[in-house]
Amino acid sequence: MVPNYSTEETVKRIHVDCPVSGRHSYIYIMVPTVYSIIFIIGIFGNSLVVIVIYCYMKLKTVASIFLLNLALADLCFLITLPLWAAYTAMEYQWPFGNCLCKLASAGISFNLYASVFLLTCLSIDRYLAIVHPVKSRIRRTMFVARVTCIVIWLLAGVASLPVIIHRNIFFAENLNMTVCGFRYDNNNTTLRVGLGLSKNLLGFLIPFLIILTSYTLIWKTLKKAYQIQRNKTRNDDIFKMIVAIVFFFFFSWIPHQVFTFLDVLIQLHVITDCKITDIVDTAMPFTICIAYFNNCLNPFFYVFFGKNFKKYFLQLIKYIPPNVSTHPSLTTKMSSLSYRPPENIRLPTKKTAGSFDAE
């Protein structure tokens, strides 16, 4: 929808060129329902992740620090979902005021950048740990990981500033309702393009290429170990985890990124047909739902792929205190979205042809 701004008041009045764009009754039922499901499962799952990592795993590894911050970033976003569920259920009537409009919108943007930056750092950490296990030990320290997380939170905050500044509530005169959206000056094309393309490039394309490259190099290293290892079960598990990470990340975000780019074209008046605008505005909430499932399902990667995480998770469910462990010698190493693969992969010699352990 492309607004034309007419007056400047406490609540600015706008006129919408395509007033029926994206306004369908089934959206007002389906999308809030999906948001509610994501909220319940996401809050429960990510809260368990925080408890397990912080209380049971004790932040002993670099990966655990990144994973804890990833779960916290997801929680920061998830607490805003009830607002968006209500907003959609009320047919895009925003009743919560300008402050919550800005904060809830910034929460989405902040989570997008924080999550993708953390996943990128996790992929780089996995690459260094597996491909360069000895050389990387000096750089892969707990201190460096904590500083990196602080920098990521700051960068995500900076990237979300335009949302806080330019997202406001407006009164749509021909819709007779108050909406929460962006206000663009008619001649300000830089902001329109910048917000959309930054989400496309910084929030998806560049991180995805880094993640894909990192895990491709990891797989090549594991493939070499395949050729001289008798028992491939553990390597198969790692490979499945790698494929799941890349596949899930790409396919959960690509629909939203494509329609975000189309929305930029609409804002630039490259696309002016209201029928196409309606398709974009109708599809956008559903692409957002697909992307939001990333926040909801991340914890299940830990359970399915993380043997140590699964052990601690079961302890938590059974109310076993963190200091009680049936296998105290087990490590807490995890991977980027599951267990952490071995710190040092030993390429077996003839005497140790069946080993593939972590130090």
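Glycine too: its Cβ is placed from the backbone N, Cα and C atoms.
Source: prediction; values computed, not measured.
Per Swiss-Prot, the features are as follows:
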type     : residues : note
TOPO_DOM : 1-25     : topological domain 'Extracellular'
CARBOHYD : ASN4     : N-linked glycosylation site
TRANSMEM : 26-55    : transmembrane segment
TOPO_DOM : 56-61    : topological domain 'Cytoplasmic'
TRANSMEM : 62-89    : transmembrane segment
TOPO_DOM : 90-98    : topological domain 'Extracellular'
TRANSMEM : 99-125   : transmembrane segment
TOPO_DOM : 126-141  : topological domain 'Cytoplasmic'
TRANSMEM : 142-165  : transmembrane segment
TOPO_DOM : 166-190  : topological domain 'Extracellular'
CARBOHYD : ASN176   : N-linked glycosylation site
CARBOHYD : ASN187   : N-linked glycosylation site
CARBOHYD : ASN188   : N-linked glycosylation site
TRANSMEM : 191-216  : transmembrane segment
TOPO_DOM : 217-239  : topological domain 'Cytoplasmic'
TRANSMEM : 240-268  : transmembrane segment
TOPO_DOM : 269-278  : topological domain 'Extracellular'
TRANSMEM : 279-304  : transmembrane segment
TOPO_DOM : 305-359  : topological domain 'Cytoplasmic'
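Within the same chain, residues 27-29, 31-32, 35-36, 38-39, 42-43, 46-47, 49-50, 53-54, 95-96, 100, 103-104, 107-108, 110-111, 114-115, 118-119, 121-122, 125-126, 129, 140-142, 144-146, 148-149, 152-153, 156, 180, 285, 292, 295, 298-299, 302, 332-336, 340 sit at least 6 positions outside the transmembrane segment (62-89) and bring their C-beta atoms closer than 8 Å to a C-beta of that stretch.
Taking Cβ pairs closer than 8 Å, the transmembrane segment (191-216) reaches residues 109, 112-113, 116-117, 119-120, 123-124, 126-127, 159, 162-163, 166, 182, 184-185, 242, 245-246, 249-250, 253-254, 257, 260-261, 263-264, 267-268 in its own chain, all 6 or more past its ends. Predicted-model confidence for the topological domain 'Cytoplasmic' (305-359) is 48, expressed as mean pLDDT. With a cut-off of 8 Å between Cβ atoms, the residues of this chain six or more beyond the topological domain 'Extracellular' (90-98) that come close are 23, 28, 83, 104, 168-169, 177-180. Counting every protein chain shown, the number of other Cβ atoms lying within 10 Å of the Cβ of ASN176 (N-linked glycosylation site) is 8.
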